[in-house]
Amino acid sequence: MAKMQILKFSRAVLRRITTKQSLLQLCASDSSFVFKTSTRNFSCGSHVSLDSPYIPRRTLMYVPGHDPKKLKKIPALGVDCAVLECEDGVALNMKAQARKNIRDALEYLEAQNLDLALRINSRFSGLMEADLEAVIGDALGPAAAIEKLPQTILLPKVDTVEDLLIFTEHLKSVKLGRNYCPYLVTYVESAQGLMNFKDILKKAADFSQEGHFHLDGAVFGSDDFVADIGAERTPDAKELIYARQKFVMVAKAFRIQAIDMVYVDIHNTDGLRIQADEGAKMGFTGKQIIHPVQVPHVKAAFTPSPARVEWATELVKNFEDHQKSGQVTTIKTLVGQNMI
């Protein structure tokens, strides 16, 4: 049993790497994942499988949609996922301008090695429909070609299955006959959302099978979660240990990415590194960031080390050789212990 668990773990490490070339680049000092395609991927018809290209979101950074100068800087940020922000990062009186700016930015931004994502407002905000109609639909003019649409949609504050149902119905209505299947990343930001997380992902997986979107990840929204449960924030986030562990467990049960909370003190590099490393060891696959200075530290925490990649590669090879030969083989665990 232990051997099979370690094998699964090693395959999970390697699944983040799609080609031998990307493996070599990943292990370089300035490593970055490489997409199989250089354009946005919108193929429909099936759920994302273990053999699908891995879309990395080690660093997920919010870029406020109302600020065109910041939108134009996205290609130089060096992030895996740039979130074109319509929600919390945009004041109410700037929402309309943010939608227009984002629609324009999607026309000129290049998507090579970059996940261009759109974070819309929540269902209960009353603004979700307007976001989708403006950016995905034709509220601001003729509907854009699918290659000019966001590759990923981030859906915040999903507390119930009904929230997901209403979003899905509206997404279907703004597709306007186009074969558009974005990746979907949902948010847990309340006690109710965490309690219903399993049911929400189950329904989202069903919708993925139907081809409405590709369920690919979830984000833990710590600030709203802490406020919802009436907790007090601490530097080591000990008040969130249970919630983060449960979040990771449910996300991984559905084989989707788990994105960890924001570290808000952009001047405390040591604190950021500690929390990012902790998140990676807990099973998170990436982390939200709010400032470019956080990018290299978070990216390093969520990038498998060369030794880790080498170990996983050797383990999978030895297991496959054993399956062919039937001979017993000895390998080492990550901590150096021999295992048959």
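Placement of Cβ uses the backbone N, Cα and C atoms for every residue, glycine included.
No curator has checked TrEMBL annotations; they are predicted automatically.
Annotated features in TrEMBL:
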{"type": "DOMAIN", "residues": "58-292", "note": "domain 'HpcH/HpaI aldolase/citrate lyase'"}
{"type": "BINDING", "residues": "Arg119, Glu189", "note": "substrate binding site"}
{"type": "BINDING", "residues": "Glu189, Asp224", "note": "Mg(2+) binding site"}
Binding-site residues compared (Glu189, Asp224) - the one with the fewest other Cβ atoms within 10 Å: Asp224
Count of other CB atoms lying within 10 Å of the CB belonging to Arg119 (substrate binding site): 28
Alpha-carbon distance [Asp224 (Mg(2+) binding site); Glu189 (substrate binding site)] in Å: 5
